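*Asks:* As annotated by TrEMBL, region 'Disordered' applies to A:334-368. Residues or ranges marked as transmembrane segment in TrEMBL: A:54-71, A:78-97, A:103-124, A:136-154, A:174-194, A:224-243, A:255-274, A:281-301, A:307-324.
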């Protein structure tokens, strides 16, 4: 039941706990290091720890947005990290080999080719999942494995460095705020607009919640699933551009390593269930920010940054336990009956006997 | 309420005795105070229509569900099993309708899984096969124990499942619709084995939708309806017609208005066809049939569960693809590639599996209502909020959907209200032909009446309706014509003057043909 | 590579007469074996010195840890699960072993410690998967994060192993003939394969694992100890990862948090190429061994080629993976 009280509605939206977590993290930072919240403008650029968090988190946010829609359709895309590597590799190779490796033309052409290739990779994933019918985890595992090899093939195993101002803008440029933040926010706004202003969001959720009912209601379930994989790959492609542009180099081995895991984590923390269905783009963005802030916090507290992984693991398990209905039941069970009969849905697999008893009237005429 | 057996038991004490068993699911009472007795050395048929509570009773007995009330005794001792494993250990074995074995393992492994002969701690494959071969031979079956289960037809798999159940020296053998996929010879084989076991003193609980089979094999029957016991009889003392009427029940009164409306509609039914099907069928699903549905006409589909009534409806909607025949809608040929094609031609379909194939539980009433319309519009042309609200408000009011809150999640609604939401989803698209599969199953009597009234009104306004229900009273009351289905084929088409008795006679009629169609 | 699919197409004629089961189920393994022979044949034809006992021995020496890993993964995948944490547990094992030895703990104690740690991690993941009904994918992903993170808790830098027992054990060669020798790692890996074959194919535990993978609900209704088996396979996988980690630390003679990055993918690929169905219920330990060997041959071929770069390995593995997954899909569709 939706309540009219804003606080209740906010709580119902599932964003409360991610937001609290983010604020707690930020507060902890501010306490440990008072300069954490400070912002300053220098040469028309905004600097500060908060800006850094946003900037470093931008690729994860982008990928998480794509992942969010994939997960909403009951899928998952493990190949985004490899796509990140491929995207950077293609662009840098193109720029390095162009007639004018410093020109804006080369940068845009390279990025265009990279994103087109990413779209093709997304089509491939979508084909395996939606048409061939392979489980999403496995289908995208293929590209996850082969993708990095392809990226290295493109870069010939080298770290390709480029000096192209136009390209550098994507990941390291400033427009008061770092450009990568602006891109991430723009994509977020665009996706939010497209999914919520058109019917796409509804159709995606419907397919994720009940694929068969959706098919019978006339939805193009297959096309929808296909589309989200393409979108996820393009998001990963843009993120790949950011990562490679930021360092002006393509590192096929390490670019986007484990980023698929971060993205999945961001989606899950943001309150979207891995079982598909209802999704939250805002939650996903919050999730990505939490992950990035966590990394920064660990760093600023003088702990080795790699140990962030331990905290991530704890967060994943905690969030999953809170989400899983079974775990909730186990955790919340106090004095309930020993064996609650399972939901009648469980029985609906065979011939359902979800039967509401009819009124007493039927009873009276039971024996003719 | 409990109806005690009419005759005092002259037999020894029952092997299984269940008294006052009630099983509740959230919001649903699946069984209410049901009594049940099972004697050693008898085949006892458990009868009832879909949703009567047969499966629930079996699961309450085998410990899958824990009853909210009631006592179960086995051999005079009170028992309460925590699950099928425990029930099995106590001598109650179950063979389910769907073969619950592991298709990837061999026949021998499936029979002896969990109690294989071992040598030096290792499973002795040879001894396992030998023991299994022995058990199979004992039942008179010739199945290679070393073959993989999945390579065998379902019928053989079913027999293997029975072999497994027997291998534990079961005192009680429960067979939940074991014959639904067997042909005549296979059924004969099964019955031979059942008699063999019965004569050895095993108590067999048998569930089947095929009346002839029940009459052939069972000694006694218990009839359930709507989660309540309606009678326990010796098979020889209960006529088929009485059995069918016990199973289906007759509702009186309260529906006079529906009847009146339906009567009016009947007079006005036109002869302009909306849909014509010629020779439409699908292998293993429905034998090819002809069907014509006119404007403003309600065509009822009657038949027991598994008779092919649902399968026929799914073919007309393209939910399953027909592999023969032609369909024309308004005189134009329709290629039934899938639901979208059918919807574009003005056909709508409400599945009997409301939760699995109908509503999208985690979406609101509003979103569910406009889903089909939105799907037809495409994603890029969202229905404007204002139009949505108008539609939703109109249909919530028209169908009396409760709660009347468009934002309520459909999954939280009662069955009747979910059904109304589903109906409204299609009515929004203004279909020419509405196919309703069991729209009144499992919902309370008020909603039932409302839905039937709605159907009558829709027909009056010119919509063609295909109406499927297990409750023959409903079908007869609403329909202008009734198509009777049996054994996955259309067996008769009756006009408006058809009575429930006519239909029952057709369904209960002893058929000379094989009683089941090969899967 | 297309030839590898041919024997599978011949599946029905093989399986039909007499309805003998064995050929049908073994076909994917035979396909892998044929693939292995073909790849080896290609190597022999193209490169001098490819067909030698030592090349074969090196296949085992260089992949001993992967063999053990794939064995553990086979158990998990047979039940229809997946374990993404194995690579990270390998790294953690090398780290704990190296740090323990550095701290002066006796080698046997270190080994026990590592094995206990691996099994415990597996146990915890298995318990969460089964009792809280959270997808194995996510739970083992968390396990992967946890194990990797713990590596860096132990130490951020690579720690080299100087313990004499470890060093001797690692470098000792066991001559098989005049020119061919193997290491103790190979012996251990093959011993584990033997034990795994026994456990998976000949014990009730193993048979139940297949039953769970075939149909978990049926297995439950048949009264089998589903919980014990489902948790058990993750313990086995954790234990195998720990053993693989020890072998890897022998191979590298160091512990490092970035060891074995992505090795879980190799293990999964080996298992799938070895003919185990990802949906569970079918597969052989020996198939997984063959799968590892196929991956090893590809690597050897590429190193013999010299001009081909190592990343072709990844592409080849990906392609093979795809091939086998699609083959499985077709295979499964044909079944009723």
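Backbone N, Cα and C define each Cβ position, glycine as well.
Since the structure is predicted, the reported quantities are computational estimates derived from the model, not experimental observations.
Each of these features: where is it, how hidden is it, and who are its neighbours?
*Replies:* Nonlocal intrachain contacts for the transmembrane segment (A:103-124), taken as residues 6+ away from its ends with a CB within less than 8 angstroms of a stretch CB, comprise 79, 83, 86-88, 90-95, 143, 147, 164-167, 170, 226, 229-234, 236-238, 240-241.
Among residues of the same chain six or more beyond the transmembrane segment (A:136-154), those with a C-beta under 8 A of the stretch's C-beta atoms are 70, 74-79, 81-83, 85-86, 88-90, 93, 121, 124-125, 128-129, 250, 252-253, 255, 260.
Beyond the ends of the transmembrane segment (A:224-243), by six or more residues, the same chain brings 58-60, 62-63, 65-67, 69-70, 72-73, 75, 77, 79-81, 83-88, 91, 111, 114-115, 117-119, 121-123, 125-127, 129-131, 170-171, 180, 183, 187, 203-204, 207, 255-256, 259 to within a C-beta distance below 8 angstroms of the stretch.
Within the chain, the transmembrane segment (A:255-274) has long-range Cβ neighbours (under 8 A, six or more residues past its boundaries) at 14-15, 17-18, 21, 59-61, 63-64, 66-68, 71-72, 76-85, 88-89, 144, 151, 236, 239-240, 243-244, 280, 282-288, 290-291, 312, 315-316, 319-320, 323.
Packing against the transmembrane segment (A:307-324) from elsewhere in the chain are residues 17, 262, 265, 268-269, 271, 273, 290-291, 294-295, 298-299, 331: each is 6 or more residues past its ends and has a CB under 8 Å from a CB in it.
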*Asks:* For the transmembrane segment (A:54-71), what are the same-chain contacts with Cβ under 8 Å, counting residues 6+ beyond its ends?
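*Replies:* Residues 77, 80, 84, 136, 177-178, 180-181, 183-184, 187-188, 191, 195, 204, 208, 228-229, 231-236, 238-240, 242-243, 256, 259-260, 262-264, 266-267, 270, 272, 274, 276, 279-281, 284-285, 287-289, 291-293, 295-296.
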